[in-house]
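Feature annotations, courtesy of Swiss-Prot:
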- His91: active site, proton acceptor (ACT_SITE)
- His285: heme b binding site (BINDING)
- 1-21: region 'Disordered' (REGION)
- 365-390: region 'Disordered' (REGION)
- Arg87: site 'Transition state stabilizer' (SITE)
Amino acid sequence: MSNESKCPFHQTAGGGTTNRDWWPDQLNLRILHQHSSKSSPDPDFDYAKAFKSLDFQALKKDLTALMTDSQDWWPADFGHYGPLFIRMAWHSAGTYRIGDGRGGAGSGQQRFAPLNSWPDNVSLDKARRLLWPIKQKYGNKISWADLIVLTGNVALESMGFKTFGFSGGRADVWEPDEDVYWGSEKVWLGGDTRYGKDQLKAQAPGQGDLVAEPAKHGEEQNRDLSAERNLENPLAAVQMGLIYVNPEGPEGNPDPVASGKDIRETFGRMAMNDEETVALIAGGHAFGKTHGAGPADNVGPEPEAAGLELQGLGWANKFGTGKGGDAITSGLEVIWTSTPTKWSNEYLNNLFNFEWELTKSPAGAHQWRPKEGKGAGTVPDAHDPGKKHAPSMLTSDLALRFDPIYEPIARRFKDNPDQLADAFARAWYKLIHRDMGPLARYLGPEMPNEELLWQDPLPKADPSTIGEQDIAALKAKVLASGLSVGELVSTAWASASTFRGSDKRGGANGARLRLAPQKGWAANQGVDKVLAALEKIQGEFNNGGKKISLADLIVLAGTAAVEKAAKDAGYSGSVGFRPGRVDASEAQTDVESFAVLEPLADGFRNFSKARYSVKAEKLLLDKAQLLTLTAPELTVLVGGLRVLGANHGGSKLGVFTDKPGTLSNDFFRNLLDMSVEWKPTSADNETFEGRDRKTGQVKWSGSRVDLVFGSHAQLRALSEVYGSSDGADKFVRDFVAAWQKVMELDRFDLK
């Protein structure tokens, strides 16, 4: 008989079949409440203040010393951890994608699942452990998010490269992001769903490394893959668990030209142009090596699947010593140059000076070596001084030589090392700062003086601000302009709601609503009339000596309209407004870069540019999360914007009131009215009409975005709060607070 005591519980809290198991298509409001104060050990902690007290130079000195302080438990290649730390920083920042601004290095997500267990991040668990003594020493003065990126910068400097600069300000979070869509594949390195096909299978399911079984590599080498590769938006990686591309080539097919197409697609989705892409690859591969000393079946589970005794480390390797010269990371065994811990242009020299032939790594992965045995004995071994090798390349490296667009850029960099150094410094800086938002968020002594277009620069604010009397006079002029409450509110919303909490881009500051591309967006139909009227008011006011920006006036006009609507509903009081916004110029606006901010759907205005396979309510939820809204804020804003008449194009969908322009709780009262029966009016169930149950008379029309507030249990519960007889006051207060929040989302100068 077993001596083991029987547990009184079969399962513990949080286990068992969940609502998501029963209803996988259910609207997931949890993404609106992630990273709450309950997950933080210090909700009131001011990271910017703590960072300013950091001895920055002492930290850099410690990081520099770490680079060559090789540890027996994970020895440094070539006696230098620099290349490992460059990869760590790159893979932290490299998850960023322009489509929705999510991913990136901004919150230290590499510490958490799924990123800490991605196949492309093998051995980065060790890199972060090497950093722990330094993180421990400096404590909360440096976040993991900043430390990971700074360490990559210091690594470059320690190997002789002059970086462009570094800015801190990335505050840590304490749990994994739930809002980021990394793809729908269920196996590591799967890619079938993102390309809309079932042909690409996982290469090493469950192992968490890049290496396939040898027999599976290149089975379809001669197949033209170009017609099949239409990567799903907003993804910026070709397979589940990769940062960008498969280094062996598309689907393991060692075709450099096809690889070039994948590289262009994925790097482009991370906001890099062709020159920046070549510079990043050529600069990054000036250092270090890849690791594929043995077969993939030697590698154990990733960190999230590993045993407790491994203490958060994963990929335990039973090949030889499991480390150093026996390390297995990607399964590729490549050393690019003879100076892997020193900045040089040798990577490009080797790429063009040798002719290359296909070979395989010890793990069976496709890679390339110089033909006719050339280059032998010129490259050092990472751990054995008595060994020498020939240089080697990845399929993705050869893309820089054989892609017709990359080749002339790479050749120019080869012949002009100073151009490569400058381009790499700038591209690296962009890579590690792309998701930080405006310069007001940047901290530290190494922030460059040069203003860069991709940072969405703004002119300096006029130190003289308008006063309360000026604000009151401007409100009166706006309300006397003949513009409706709905027009003013909708225009202010169109300006402010481009903000994305993911990469801190967009928002009302800059008044880019009046510039290309925003002025031509379908979602902004009708704002030109409002802008013309506001520009006239602005001109008249500014001729009097004081100045107001159009950015401020757009928000102030919407605020005045909300105040009027509240007053018409019987509520007194003002809506908060803080001036200080500025107007960006066309020269400060990158049209192509801003194009990705275009709202293809905005449920807050009942707008959809087209019919999409994703349900409208899920697009609304995505928008709400990017606006950093909570579920109550989402609910009250939709209900308020509907009765204010802020719908796109004056649509009556969801306007459940007979007094539009008045800030009432009618949307909720009428949606929850059981005397109304709803039925779809379109075959795709996108629009509905509500009829009186007794008379059959049509009372209202609505969209999926409207009806979800009565259908979804959680949203209905919130709607009931605002639709109750005692909910009207709370509705107005909450709407005003949520409105001001959205109007100031990009005001980092106030935070």
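The backbone N, Cα and C atoms fix where each Cβ goes, glycine too.
Neighbour counts were taken as the number of other C-beta atoms within 10 angstroms of each residue's C-beta; across the recorded positions His91, His285, the minimum falls on His91. Residue density at Arg87 (site 'Transition state stabilizer'): 24 other Cβ atoms are found within 10 A of its Cβ, drawing on all protein chains shown.
Distance noted between the C-alpha atoms of His285 (heme b binding site) and His91 (active site, proton acceptor) is 14 Å. Here the region 'Disordered' (365-390) has, by DSSP, the following mix of helix, strand and coil residues: 3 helix, 9 strand, 14 coil.
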